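Below: the structure, in C-alpha cells.
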C-alpha cells in the first residue's frame with residue numbers, strides 16, 4: 001500500500017492520478033496503434049504543414065495582403081514629379097517588407113508565442129511567468145505545477161536574474177510595464193476599427209474607376225452597407241465560413257502577383273532597380289521633408305504585420321513561415337513592382353494606381369476578388385480584437401462583457417457582442433466622416449507603428465528573461481527594430497492633424513477604461529486581503545454568537561485564493577447562521593493560455609473536519625471561457641467529493657505523513673488554526689494547499705450531531721455518518737450562491753482625479769458590466785448578494 005501511495009504522489013505532482021491509471025489500463029495493441037499513427041503523422045508532416053500553410057493564408061495574411069490597394073495613393077497624395085521617386089518609394093517598400101514582416105516578425109517575434117498564442121497580452125503572460133510583475137498577487141506555488149505553466153530558472157548572477165530583480169523591485173516598474181501592454185492593446189483595438197474602414201473603402205473605390213461620373217457618396221454608402229453586413233455576421237463565427245477564406249486570399253495573391261509580372265513586362269522593367277538601396281538615399285536627398293513625411297504612406301505596406309502575430313493561435317509557426325516565404329512575400333513584391341512600373345508611365349493615375357493597372361479584360365473579376373479579400377482582411381482583424389479583449393478581461397484589465405464561443409473545434413474563435421457593435425459604429429463613423437483614404441491611412445499608420453514599438457520593447461524583455469539571449473543579440477534586435485520603427489513614428493507625427501489623431505483618441509478612451517477598471521480591481525483585491533478573517537476568529541464561533549448550521553451548502557465566492565474573506569464575517573454577523581457545508585470558491589485567471597480540465601480545480605479543507613468548510617480554487621487561462629453549457633456547480637462538487645475520497649485514502653495509509661510533503665506550504669496558503677492554548681492543531685486540520693487538482697480528494701467518515709458547532713470547536717455526535725453521504729444530503733437540501741456586491745468609493749480627502757476615476761468612471765463601468773452571477777450561470781432563486789462599501 002505504501003508503494004501505491006508513493007506512485008500516487010509522483011502522479012499528482014504531474015497532474016491527475018486517475019489520468020495515469022487510464023493510460024496504464026490501455027491494451028498493448030492500442031499503444032502500438034498509437035505509435036504507428038505517430039509514425040504516419042511524421043511521414044506525412046510535410047503535406048500537413050503545406051495544408052496548414054494554405055489555411056493560414058485566409059486567417060493570418062489577409063490584412064497584409066490588401067495593402068497594395070492603398071499604399072501608393074497614400075505615399076503620393078498629389079502627383080508624381082520625378083519618375084525616379086517611384087523607384088525610391090518602391091525601394092522603401094521592398095526593404096520595409098524585408099526588415100519588418102520577414103526578419104522581425106516571421107523569423108523572430110512569431111517564435112515568442114505563448115503556446116501558439118500571439119499578441120501583446122501573450123507576451124505579457126510569458127513575462128508574468130518568468131518574473132513577478134503581475135500586479136494582482138493571487139498566484140500560488142501550486143499554479144507553477146500546471147502542465148501549461150512553462151518557465152525557466154536563472155543563475156543568480158546572470159543578466160536575466162538582474163533584469164528580473166530590477167523589474168520586481170518597485171511597483172512603479174510593474175505598473176509601467178502594464179501600461180505599455182495596455183497602450184499596445186488599445187492600438188490593436190484601433191486597428192480593428194481602421195482596417196475594415198480603409199480596406200473596404202479602398203476595394204469598393206474601384207467602382208469609380210469604371211464609372212468616373214458616379215457620385216462619391218455612392219461609394220461611401222456601398223462601403224457602409226458592406227461593413228454593416230460584415231459586423232452583423234460576426235455572431236456566426238469564422239468557423240462557419242472560414243473554409244472560403246484561404247482560397248479567396250490565395251486567389252488574391254496569385255492575381256496581384258500575376259498582374260504585377262504583366263505590368264513589369266508591359267510598362268517598365270527598370271523598376272527592378274529598386275532592389276538597390278541606393279535609390280532610398282537618392283529619394284530622401286531629392287525630396288527632403290516631403291520624402292520623410294511620405295514614409296507614413298510607405299508604412300502602410302507593412303500594416304497587418306501585428307495582426308499576423310495576434311492571429312497565430314491555430315497554426316504552427318513553421319506553417320506561417322512557409323506561407324509567407326513561398327506565397328505572400330514574393331506576390332507582394334511583384335504587386336508593388338507592377339504598380340510602380342505602371343506609374344512610371346502614368347504619373348497622373350496615382351490616386352487609383354491599383355485598379356488602373358489592372359488589364360481591362362479581367363477588371364471586374366479582380367474587383368470582386370479584391371472586395372472579398374478586403375472583407376476577409378477585416379474579419380481577421382475583428383477576430384484579433386475579440387481575442388485581445390478576452391485576454392485583457394482575463395488579466396483584470398477590462399470590464400466583464402459577454403464572450404461567446406463560435407466554434408466547438410477552435411478554442412480561440414470567440415464573439416464579443418458589445419465590442420462588435422461598438423467597433424461597427426466607430427468604423428462606419430470613420431468611413432463616412434473622412435470619406436478619404438488618405439486621412440484614414442494616416443490614422444491607420446499611427447496605430448500600427450505604436451503597436452510595433454510596444455512589441456519591440458516587450459520582445460527585448462522576452463529575449464532577456466525567457467530566451468536568455470546574449471546581450472549582443474538583444475542589442476542588435478532592439479537597435480535595428482527601433483531605428484526602423486522610430487523613423488516611421490517620426491513621419492506619422494507630421495500627420496497627426498491629418499487623421500492621425502483618430503487612433504490616439506480611440507486608444508486614450510479605451511486606455512482610461514482599462515486602467516481605471518484594473519485599478520478598481522486591484523484595490524478591491526487589496527481590501528479583501530487586508531480585511532480577511534483570521535482562523536482563530538472562525539474557531540471561536542459558537543453559542544455565544546447564537547450561530548446555527550442550517551441544512552444545505554453555501555458557496556461563498558471570493559477573489560482570495562487563501563484566507564477567509566471579509567464577506568463571510570459580514571454575512572454571519574448580520575445573519576448568525578451558516579449552512580451545514582461552506583465552500584469558499586475562488587475563480588482566478590493565470591498567465592497561461594489554458595488550464596487543462598483535469599487540472600482546473602484545487603480543493604482544501606479549512607478548519608477542523610467537523611466544521612465542514614472547504615476552499616475550492618478554479619483556475620483558468622486567458623483563452624478559457626465560462627460557457628453556459630458548462631455545469632460549473634456540478635464540476636465543483638465532483639472535485640470536492642473526489643478530494644474527500646483521496647483524503648480518506650491517504651489517512652488510511654501508514655505513511656500518510658508523506659501527504660504533506662508535496663502539498664506546498666507558503667505564507668499565503670498557510671493559515672494558523674490555534675486551539676485555546678495557542679498551539680497549532682495540526683492533527684485535525686490540514687494547513688496546506690493541496691497540490692492535486694480538481695481530481696484530488698480527501699477524507700474518511702466523521703462524527704456529526706445536528707450540525708451544531710460547539711464552543712470547543714468539536715462536534716459531539718451520537719451517530720456516525722459517512723462524510724460523502726453527509727455532503728450529498730446537504731447538496732440535496734439545497735445550494736446557495738453567496739456573492740459579494742462590493743461598492744468602491746474614493747475617500748473624502750482623495751484628489752479630484754481619483755474621485756472622478758473611482759466614484760464616476762469605475763462606478764459606471766461596474767453598473768453596466770456583466771454580473772458574476774451571470775458569468776457563473778447562477779440560478780436567480782439560489783443567489784444571495786451581500787453588499788459592502790469600502791473606501792480607497
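A Cβ is built for glycine as well, from the same backbone N, Cα and C atoms used for every other residue.
Cross-referencing 142-160, 199-217, 218-236 with TrEMBL places the feature transmembrane segment at 218-236. Checking the ranges 534-557, 606-629, 630-653 against TrEMBL, the transmembrane segment annotation falls on 534-557. Below 8 angstroms of C-beta separation, residues 114-117, 122, 124-126, 128-129, 134, 138-139, 143, 146, 148-149, 394-396, 411, 547-561, 564-565, 568, 571, 606, 611-624, 636, 640, 707, 726-727, 730, 733, 736, 776 of the same chain, each at least six residues beyond the ends of the transmembrane segment (577-595), sit close to that stretch.
Proximity of distant same-chain residues to the transmembrane segment (243-265), defined by a Cβ-Cβ separation under 8 Å and at least 6 residues beyond the stretch ends, is recorded for 54-59, 61-62, 65-66, 68, 271-272, 327-328, 330-339, 341-342, 357-359, 362, 366, 369-370, 372-373, 376, 379. When the stretches 218-236, 317-342, 362-389, 410-432, 471-494 are ranked by Cβ pairs under 8 Å to the transmembrane segment (444-464), first place goes to 471-494. Cβ atoms under 8 Å from those of the transmembrane segment (362-389) belong to residues 58-60, 62-63, 65-66, 69, 119-121, 185, 188-189, 191-192, 195-196, 199-200, 202-204, 206-207, 210, 226-227, 230-231, 234, 238, 245, 248-249, 251-252, 255, 259, 304, 307, 310-311, 313, 354-355, 398, 401, 403, 412-416, 419-420, 423 of the same chain, restricted to positions at least 6 beyond its ends. Beyond the ends of the transmembrane segment (317-342), by six or more residues, the same chain brings 49-50, 52-57, 60-61, 64-65, 67-68, 71-72, 86-87, 89-90, 93-94, 97, 101-102, 106-107, 110-111, 113, 250, 253-254, 256-264, 266-269, 271-272, 274, 301, 308, 349, 353-354, 356-357 to within a C-beta distance below 8 angstroms of the stretch.
Taking every listed stretch (44-66, 86-107, 175-198, 218-236, 471-494) in turn, the largest tally of C-beta pairs under 8 A with the transmembrane segment (410-432) is reached by 218-236. Scored by C-beta pairs under 8 angstroms, the transmembrane segment (86-107) has its highest count with 471-494, from the stretches 44-66, 175-198, 218-236, 471-494.
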